Amino acid sequence: MFAFSSQYSAVDTNPLSVYVMQPIWNKIIKIVPLWIAPNLLTFSGFVMILFNYFLISFYDWDYTASGTSPGLVPTWVWLFSAFTTFCAYALDSIDGKHARRTQSSTPLGELFDHGLDSWATSIFVLSFFSVCSRDNGKNGVSVYTMYIYLSIVLFNFMCSHWEKYNTGVLFLPWGYDISQVLIAAYLLTGTVGVEVWQKPLLFGYYITDVLVILLIGECPDLSHLKKTLKNDSLYEGLLPLVSPLLLFVLLTVWVVLSPSNILAKQPRLFLWMVGVAFSNVICKVIICQMSSTQPELFHWFLFPLALVVYAAISGLLGCTEEAVLGVFTALVTAAHVHYGVCVVSKHAWKQFLVGALSRSLNVYV
């Protein structure tokens, strides 16, 4: 059992956040009843993201609805996506404020918040891919480009928490607030139609090209490491990066060398698996950072993944590669949910016992 640190430090220097979004969140927090638990706000935002993802998946499983047959996704779905995205960002931004407001801030709340963020990050991106549509030879984004985009976003998230592991301070990347452009994108799609994404914006470039620039531009500034580095050992400082990088290598090998072109056949299933696997790996880093413990060199998930990748690229799976991907994705998702429930319930129970003991001692005294 590891003990969590009760200190939390974060720095956000984005002008959009400081001068625009924070004033909005400060007004919204005033209407939240004091009896609502902060973790309920966090979980509600995640559920809204998840529900929106499954709703879009129902109308556009293979990311072709917006490109081949515009109108297959109803207008109300895009407008609902804008609404849920805004609410999710709002709830994620005010849960900490509400915890401090009600004097109920706990390390468990921080873990719950960042743990769900690590999963929500990929879900946001996977939902938005339905707006861009899959490449049909004329326009759209190829599934390989989707994989690269998702990898960039996850890499940025990983770097932020790796930096916090080494410095003790979470320097929020500017892309966190810039990515709220998704709300405007959903509104634009709902009011104008998906055709707006299929026409060149300027000099032959599409709106999706602009989004790529935003993705690249949201890379975190790692200059803080030199100023506030906690770990003197280079090995210990780089240790949290080993498993995420190996995860990316294994997944990329599967994408590139798959005999059945698995990413093209099942893009939504494969990309969902990528997001879940990443979330589980980064959650271990977050826990180690909060508990001041050293992360394991190789995450357990790398071993079954390596076996599946080897079986796939060597041809052993044959025509069953898609079925194996489905089973593997289901198992990984179930394992991640089980892990999250166990960690939260274990430390919630510990927190309850500590509180009960403290109250008993006060009564005795």
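Backbone N, Cα and C atoms are what each Cβ position is placed from, and that goes for glycine too.
TrEMBL entries are annotated by machine, without manual review.
Here TrEMBL flags 31-55 (among others) as transmembrane segment.
Sequence annotations record features per position, and here TrEMBL assigns transmembrane segment to 75-91 (among others). Same-chain residues lying 6 or more positions outside the transmembrane segment (75-91) and placing a CB less than 8 Å from one of its CB atoms are 24-25, 28, 41-42, 44-46, 48-49, 51-52, 55-56, 59, 120, 124, 127, 131, 180, 182-184, 186-187, 189-190.
Per TrEMBL, the feature transmembrane segment maps to 141-157 (among others).
Summarising the annotation, TrEMBL assigns transmembrane segment to 169-188 (among others).
Sequence annotations record features per position, and here TrEMBL assigns transmembrane segment to 200-217 (among others).
The transmembrane segment annotation in TrEMBL covers 238-257 (among others).
Within its own chain, the transmembrane segment (269-287) has Cβ neighbours under 8 Å at 2, 111, 114-115, 118-119, 121-123, 125-126, 129, 146-147, 150-151, 154, 157-158, 161-162, 165, 240, 243-244, 247, 251, 255, 262-263, 293, 295-296, 299, 301, 305, 325-326, 328-329, 332-333, 335-336, 339-340, 343, counting only residues six or more beyond its boundaries. Annotation source TrEMBL lists transmembrane segment at 269-287 (among others).
Residues 243, 246-247, 250-251, 253-254, 257-259, 262, 277, 280-281, 284, 324, 328, 332, 335 of the same chain sit 6 or more residues outside the transmembrane segment (299-317) yet have a Cβ under 8 Å from a Cβ within it. Among the features that TrEMBL reports, transmembrane segment is placed at 299-317 (among others).
For the transmembrane segment (323-344), the residues of the chain that approach it from at least six positions outside its boundaries are 108, 111-112, 115, 119, 262, 266, 269-270, 272-273, 276-277, 279-280, 283, 287, 301, 304, 308, 311-312, 317, judged by C-beta separation under 8 angstroms. The transmembrane segment annotation in TrEMBL covers 323-344 (among others).
Beyond its flanks by at least six residues, the transmembrane segment (238-257) meets 144, 147, 151, 155, 158, 161-162, 165, 263, 270, 274, 277-278, 281-282, 284-285, 288-289, 294-299, 301-302, 305-306, 308-309, 312-313 of its own chain at Cβ-Cβ distances under 8 Å.
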